[in-house]
There are 4 protein chains.
Amino acid sequence: MSFNSFGQLFRFTTWGESHGPAIGCVVDGTPPLIPLSEADIQVWLDRRRPGQSRFTTQRRESDSVKILSGVFEGVTTGTPVSLMIENEDQRSKDYGEIRDKFRPGHADYTYWAKYGIRDYRGGGRSSARETASRVAAGAVARKLLAHVLGPTVVIRGALIQIGHQPIDRNRWDWDATEQNPFWCPDAKTVPLWEAQLDAVRKAGSSTGAVIEVIASGIPAGLGAPIYGKLDADLASAMMSINAVKGVEIGAGFAAAALSGESNADEMRMENGKVVFDSNHAGGILGGISTGQDIVVRFAVKPTSSILTPRHSVSTDGKEVEVSTKGRHDPCVGIRAVPVGEAMLACVLADHLLRHRGQVGR
Amino acid sequence: MSFNSFGQLFRFTTWGESHGPAIGCVVDGTPPLIPLSEADIQVWLDRRRPGQSRFTTQRRESDSVKILSGVFEGVTTGTPVSLMIENEDQRSKDYGEIRDKFRPGHADYTYWAKYGIRDYRGGGRSSARETASRVAAGAVARKLLAHVLGPTVVIRGALIQIGHQPIDRNRWDWDATEQNPFWCPDAKTVPLWEAQLDAVRKAGSSTGAVIEVIASGIPAGLGAPIYGKLDADLASAMMSINAVKGVEIGAGFAAAALSGESNADEMRMENGKVVFDSNHAGGILGGISTGQDIVVRFAVKPTSSILTPRHSVSTDGKEVEVSTKGRHDPCVGIRAVPVGEAMLACVLADHLLRHRGQVGR
Amino acid sequence: MSFNSFGQLFRFTTWGESHGPAIGCVVDGTPPLIPLSEADIQVWLDRRRPGQSRFTTQRRESDSVKILSGVFEGVTTGTPVSLMIENEDQRSKDYGEIRDKFRPGHADYTYWAKYGIRDYRGGGRSSARETASRVAAGAVARKLLAHVLGPTVVIRGALIQIGHQPIDRNRWDWDATEQNPFWCPDAKTVPLWEAQLDAVRKAGSSTGAVIEVIASGIPAGLGAPIYGKLDADLASAMMSINAVKGVEIGAGFAAAALSGESNADEMRMENGKVVFDSNHAGGILGGISTGQDIVVRFAVKPTSSILTPRHSVSTDGKEVEVSTKGRHDPCVGIRAVPVGEAMLACVLADHLLRHRGQVGR
Amino acid sequence: MSFNSFGQLFRFTTWGESHGPAIGCVVDGTPPLIPLSEADIQVWLDRRRPGQSRFTTQRRESDSVKILSGVFEGVTTGTPVSLMIENEDQRSKDYGEIRDKFRPGHADYTYWAKYGIRDYRGGGRSSARETASRVAAGAVARKLLAHVLGPTVVIRGALIQIGHQPIDRNRWDWDATEQNPFWCPDAKTVPLWEAQLDAVRKAGSSTGAVIEVIASGIPAGLGAPIYGKLDADLASAMMSINAVKGVEIGAGFAAAALSGESNADEMRMENGKVVFDSNHAGGILGGISTGQDIVVRFAVKPTSSILTPRHSVSTDGKEVEVSTKGRHDPCVGIRAVPVGEAMLACVLADHLLRHRGQVGR
């Protein structure tokens, strides 16, 4: 069972609430002798950190990670790696508005319905703050992948749609993703998004987004048929990220409109290796990696914390109006990019280890 | 670990290849004293059975299920329910074409890459025939849900798009789904699909589809935050079905284009109960059910078995052409409808049992 | 969760009741390309089969195993191996005595208390008949171990005590175990046990026993610290066998009376390899194998099916007397020897696969 | 998979090494609304704390636990409870002796064989210090059991043998366990053990012990047949404690010498409830609790850290002598008493939650 754990052989368990003393995770299953330092993890946490542009929440956190176990003399030992990030900016404020009212579209109501209690401060456990633990675990997964597969493995992501505005894929440039606050691979779309998000932010509204994450350099053979499918685990991984409502592999929903002929990724031999002429499969067939790029896309809904009052109910069963004041992300999809990358890294690390246990000799 | 199992407390393990003596599953975790007979299962298997119209494969199987354990005097005992379906139509034929060549877009290549061996007869383990076991397990899940939650629980599905042609959702009529070979809820779309599929079939081609499955009568509170999310398990469940490339909950990818205002499902009180004005959430918020309909959509790619020759490679590394002759499904999405329903039932049964273990007293 | 499954990467799920149509198991996680036939499994089932001497139950079963999946052209494919054994000797008889009364010392009462129903015919699910499935799974595990580690791996067991009468360990002779109906390694103890069991049988009584199972040729490094310990999994495996009440590794309970000096297994180098001067550890230190013989001992209580009337209660809460007539094992410990061997093989196969997933590169 | 986790629905994951900055655990699956404070946990940690008598290691630790998540306004919320204990007494010393040599009987060698690296400082991950995390998790389990089952649940333990010297069970007095440094229930045995351990301590030697832990007030029906057996999980739990080499339930190994008549725990009705005349079963039949006391016994070997030089080998394959100087426990069995209690509490909490998921309606 895994209410708060993810993965099988490479497995992490996260803990912590938005406004508790700290958050963190325990990463279990890391093989020994992998170089690992706090700096290796911090670099990825810094990418996700809020407050780096006017388009993300202004919560100020240094998100400094501490390694509490599992590393000795600079390398992993095979024992669990415990990571902790102290919460710093638990701004003292009046939660009266949120404490007793359920924000429509938010987990407020369902937590209450399930548990009869919730830590309402900053969203408690359902805060996107939990995703910092995922990014930390993902950093360990990246080290594992590099250690075993070498430097050819690259895992990266991009924002490909905000609201109604998609990028132009013909202009895709990975370098561009590092040069704007959106991880946008299409420089010409950036100003459009800036304008759009400025309007959203001023209106106290929010908007959704679509993210694409890609892993290159993954060998064929990872995954398993039927219920240990690589794509099923990726679907679960991405859908477990806050606010995600859809997941696609490769051609995804567009595959429904394709003919068998156009969907088939034809194969040829090149230098004694199998190569493909296209990648509608997104690098996965029958639940097992093909050796092509693993391509995963997911949709993030607009955050439910908005200024416009919405009809709702209170914990004591009264009809109320709710509007969320104060800092929030106008588009949580932006910060979901490093989170999606991290989950992709974690799933691949897990399946890499599983593969060794599956094929025996 | 679960290479061939699905679920946690309600857990089934499937086994069997397309052309072996039988296929089946072991359903573990069924509570005691639930009425269960072979007829209760057979009725759902009959819905999935191939050869019922010209639009599905002409393989002839009675798909008769036998209960081998776990039922005593007409009710479950709490011990594992073993179900077996004997394979009947293992048509003796020459597999030469497929035995040594990888069909593009098929699991042929990845099985080979992973295991160095594959049962090529009829697709072996990667045959859609495995989904009969899922439908059988789903039948047990339906009995469990009805036993615990009562007759208000309804789980049903529909095909909502074939190729480029979607239904008109304004004409949605559940009764219609039982009156055409497509589980199409929009009678006016049926002739369009018939024409389309006849053309596909004659061309020896294939096409994709989109399926929607819905559960009504599910109480609020099922699921768990973070990694035991109901929607993450549904995403995994649907993505594990053969040929599925995308999964959505509620508004799904369309949520990316929504504003926070329009995406919020506002709440009111009605007869002392919380009700919602809309269901963009698809019945799940923060990984936990809201009490609304659970709405899941998934995309099925066109089957890779097509008549048109495609470039490919052989097991001994030569470039070849492959074309698949003989019976096949022009649109595997059709028969995916009962499979999606079954997976939805199984996930809900599992989460219903988990919920009892989560909330204690 | 695993109510009816055992193992993680090498994992089997058993199903079936004593008097249902069949019993069986699904063995998941078997790597590909391992030679496997029904004969490979049958040979071990034949060892466990009842009715081979006057000292075991006279139930007549051929216990013929069928492989229903997972093997193609004589080797495993990596997909689940489904094994089935049809029940033949479901002697039609009056279960009135047992149906409504709980045998003291038997699972009758606890099944009832838990489930409110039980299949009383022949013990239903709690019958030792379930152990045939374990022996079948163990046969697959033996093939896996031989395939990966080579022919030096030997897993065997012996009965070392019946009632108050232990063997003399100084006379231990593995060959002897094949020459008497008790798997007794000490030929001189055999006549003592025969006399003892004849008396027990005539009195309609029963007696307990102690079994020792040993694996040779297992490399150092299998297992994991803390909760994936090899010895913890062995303890669970043996305690899960019907009627087992105690498990020991190496010196076991006797270790409590040892000093640190005498308990320490001193190490030396021999031909460049670490060797030990003794094996109080039973081949496991800190949950990880040392490379020495893995030595496990377990105690089996006397079967609760006895002729002498005992005070008990009925399903409707009345005080009654119970006495069990008809065939039964006077000492279930005898047939527990091949079961213990099988469980040892399964745990080792599982840990061998896990080890590959743990150490990475 | 669970290399560092224990349990299914009530599940804890421990992390940390003896000489790292901290140790701790994440307790997942705690139902909501259970009162829980640091003091509730500290009281049990204090029982286990070293340095409370001359018979345990003189390491000085306050073992102060911090709750980092999962508790809000004094009660659990259903989210993971993260517990941390900072290491204080990481005495700076020269580990040269141990760093390169394997102590016979210690996990030094097997960790090295498996991982090729080990944190040699104070035993690293294999230090008994890890058991503090178990005691902390056990404290949460106790609160859960009390919350659900009420105050009649009592879980306690005693030391019943040190070296060759057992207690006299006829003098068993639970109150006595709180009045001596051994948790000895037989006051007259205390001076014998004091003398014995003083001698052991002066000789720089060590000795083994046997512990018995008992749970009262547990209802019938917890557990599951076959592989989710309550006794199998208890065996695994106890065997996972450092230095444990044997586990028994109820009559345990002594059951081997019993006849069916004497082993049977006869049943009667008393005030409309089933009662038993004896408890050879140790409260478990067929893997399911009977409603009687759950009785578990386990043997702890002498610690391998002794002053007398022993033959061993070094990490670079040389033959060496090893002797362990400095503080250590002459009888680790003493501090295993609260650990055994904690593991018993955790297994019962887990099975209590599982039971709710098993029986449905």
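Cβ atoms are placed via backbone N, Cα and C, with glycine included.
Look at TrEMBL and you will find C:Arg48, C:Arg54 tagged as NADP(+) binding site. C:Arg48 (NADP(+) binding site): 24 other CB atoms within 10 A of its CB, across all protein chains.
For the recorded site, C:Ser305 (FMN binding site), the DSSP three-state label reads coil. For C:Ser305 (FMN binding site), the same-chain residues 6+ apart in sequence whose C-beta sits under 8 angstroms from its C-beta are C:Arg103, C:His106, C:Ser206, C:Thr324, C:His328. Feature annotation from TrEMBL assigns FMN binding site to C:Arg125, C:Ser126, C:Ser127, C:Asn242, C:Ala243, C:Gly286, C:Lys301, C:Pro302, C:Thr303, C:Ser304, C:Ser305, C:Arg327.
Proximity to chain D, defined as a CB-CB distance below 8 A, holds for C:Arg125, C:Lys301, C:Thr303 out of the binding-site residues C:Arg48, C:Arg125, C:Lys301, C:Thr303. Listed binding-site residues (C:Arg48, C:Arg125, C:Lys301, C:Thr303) with a CB under 8 Å from any chain B CB: C:Arg125. The binding-site residues C:Arg54, C:Lys301 differ in how many other CB atoms lie within 10 Å of their CB, and the one with the most is C:Lys301. The Cβ of C:Ala243 (FMN binding site) lies under 8 Å from the Cβ of C:Ala128, C:Val300, C:Lys301, C:Thr303, C:Val332, C:Gly333, C:Ala336, each on the same chain and at least six residues away in sequence. The DSSP secondary structure for C:Arg125 (FMN binding site) is helix. When Cβ neighbours within 10 Å are tallied across all protein chains shown, the highest count among the binding-site residues C:Ser127, C:Thr303 belongs to C:Thr303. Counting every protein chain shown, the number of other Cβ atoms lying within 10 Å of the Cβ of C:Arg125 (FMN binding site) is 29. Distance from the CA of C:Arg125 (FMN binding site) to the CA of C:Arg48 (NADP(+) binding site) is 18 Å.
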